[in-house]
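Engineer: One structure follows; several queries about it will come next.
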Amino acid sequence: MSHYHIIGIAGAGMSAIAHLLLDQGHTVSGSDLTANHATAALQARGVQVWRGHDPAYVQGADVVLATAAIRGTHPELEAAAAAGIPRLSRADLWRLWSEQRPVIAIAGTHGKTTTTALTALALRGAGIRCGFLIGADVPALGGSAQWGDPEAPLVIEADEYDRVFLALTPALAIITNVEWDHPDVYPTPSEYTAAFAAFSRQVRDPRRLLVCADDPGALALAGQSEARLYGIDEHIATDPVSCRLAPLDWTASGVTGTATGQQFDLWYYDRRSFGRRLAATVTLAIPGEHNVRNATAALAAAALWGADLRTAVTALAEYRGSSRRFEWRGDVGGITVIDDYAHHPTEVQATLLAARQRYPDRRLIVYLQPHTFSRTRSLWDQWPAAFREAAVVLVGDIYPAREQGDPVALAQSLVDHLIAHGIPARYAGPSALAPSALLAVAQSGDVVLTLGAGDSDQVAAAFLEQCSAMSEER
């Protein structure tokens with residue numbers, strides 16, 4: 001067994017990897033500029049986590065693990081290089097695990113986290129003790145990552161950022177959708193699409209690639225392979241490349257809302273007998289049409305792996321969501337607060353539609369923390385349509401992540417852009433002032449949604465705290 005030192009261990013991806021390494025019997029230490037619930041969970045398992053970065057932290061390590069974003073001038077990387085300690089990336093570990101055991105990879109611009117969680121839950125519900133690696137905490141699975149039975153598949157949320165998903169050679173894969181994102185890595189839509197095309201070719205058996213037929217970008221990839229198709233309602237899809245008609249292998253139909261979620265019928269098309277049959281009736285406790293697609297993909301993957309659908313469907317009914325994915329944060333003063341990781345216009349729109357489905361008669365007050373300058377600018381024309389369901393949109397300063405720019409000027413420009421397209425928007429300022437901005441507009445009966453991939457979840461927490469304090473004063 002080896003000692004892995006992880007630089008940036010507080011991040012969702014790296015903290016999940018740390019859990020897998022611990023499950024395999026390795027020793028893990030790590031460092032980060034911040035501490036959070038992820039580092040606390042690792043410390044509870046005996047991991048030494050340092051706040052900040054220092055060359056001394058790599059002493060005794062056999063391997064240093066760091067993301068590509070951490071450059072060679074980092075003090076711990078320099079110390080590791082001087083000591084002859086090898087550096088591995090996330091892609092290196094994924095490649096290794098993909099060689100050690102079968103991998104089910106969930107790729108796509110949107111919906112990866114939920115679909116990965118649902119796939120793992122479906123398999124485990126059917127008695128297959130799969131491992132899983134997810135970029136969020138999933139209470140129904142007991143965390144974000146577990147190694148599971150090494151003979152069973154490892155279900156991985158296959159992130160396309162920095163092309164890391166190309167390190168995998170999956171035994172089975174899902175592509176939920178393909179829509180240009182991460183312009184800092186993929187300057188053009190064609191480069192982004194090309195990466196997904198390369199990923200689809202790495203699936204060991206093209207018949208074990210599941211592609212969403214409802215998404216034009218994903219469906220275009222299916223025309224280049226023998227991929228299986230899934231979607232909602234339509235039983236036939238038209239390939240945008242060849243213009244040929246293709247039957248959907250898995251179809252969700254008859255979607256209806258329930259008091260606690262939604263329900264639909266799952267149909268399967270047998271390519272050998274050319275017959276279609278009802279495979280299951282599925283109940284979900286999570287709202288949104290996008291989650292019907294996510295569940296359909298997960299159940300199709302489980303069925304392809306040989307899982308019993310009846311028990312898989314039962315397991316999905318217990319799923320209540322993942323951290324920062326339409327996560328209920330609390331109710332105070334008649335106001336419901338939901339936090340979501342949505343940071344792409346399509347994700348924002350899907351989240352608001354899910355909120356409208358669950359809360360049909362309530363005003364939706366949205367706080368958006370735009371994530372990165374490059375994404376905000378590159379998807380400029382898509383932002384107004386994303387907020388059609390919102391009563392008020394509060395735009396906070398840009399969360400820069402790894403980029404440089406003026407977070408105030410671009411946020412104010414986005415507000416002007418939204419107003420010009422008929423969206424009632426206003427500038428909310430830095431995240432520290434956002435709770436007060438929300439308090440100024442939210443009223444009893446409203447649903448407040450905090451959206452973004454930065455620290456917008458802290459805005460939700462602070463808003464609830466301020467609301468509670470005001471209620472006590474009254």
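Every residue, even glycine, has its Cβ placed from backbone N, Cα and C.
Annotations per Swiss-Prot:
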type: BINDING; residues: Gly108, Thr109, His110, Gly111, Lys112, Thr113, Thr114; note: ATP binding site
Engineer: If you count Cβ atoms within 10 Å of each one, which of the binding-site residues Thr109, Thr113, Thr114 comes out on top?
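Structural biologist: Answer by Cβ density within 10 Å: Thr114.
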Engineer: Inside 8 A of the center formed by the CB atoms of Gly108, Thr109, His110, Gly111, Lys112, Thr113, Thr114, which other residues of the chain have their CB, for the recorded ATP site?
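Structural biologist: These residues sit around the ATP site: Ile106, Thr115, Thr176, Asn177, Asn294.
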Engineer: With every protein chain in view, how many other Cβ atoms are within 10 Å of the Cβ of Gly111 (ATP binding site)?
Structural biologist: 26
Engineer: Check Thr113 (ATP binding site) against DSSP and tell me helix, strand or coil, would you?
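Structural biologist: Looking at the DSSP assignment, Thr113 (ATP binding site) belongs to a helix.
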Engineer: I'd like the Cβ neighbour count for His110 (ATP binding site), meaning other Cβ atoms within 10 Å of its Cβ, all protein chains included.
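Structural biologist: Cβ-Cβ neighbours of His110 (ATP binding site) within 10 Å number 21.
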Engineer: Taking DSSP as the reference, which of helix, strand or coil describes Gly108 (ATP binding site)?
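Structural biologist: Assignment for Gly108 (ATP binding site) reads coil.
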Engineer: I'd like the number of other C-beta atoms within 10 A of the C-beta of Lys112 (ATP binding site), please.
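Structural biologist: So the number of other Cβ atoms within 10 Å of Lys112 (ATP binding site) is 26.
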Engineer: Sorted by position, what residues of the same chain at least six away from Gly108 (ATP binding site) have a C-beta under 8 A from it?
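Structural biologist: Counting only residues 6 or more apart in sequence, the Cβ neighbours of Gly108 (ATP binding site) under 8 Å are Thr115, Ile174, Ile175, Thr176, Asn177, Val178, Cys212, Ala218.
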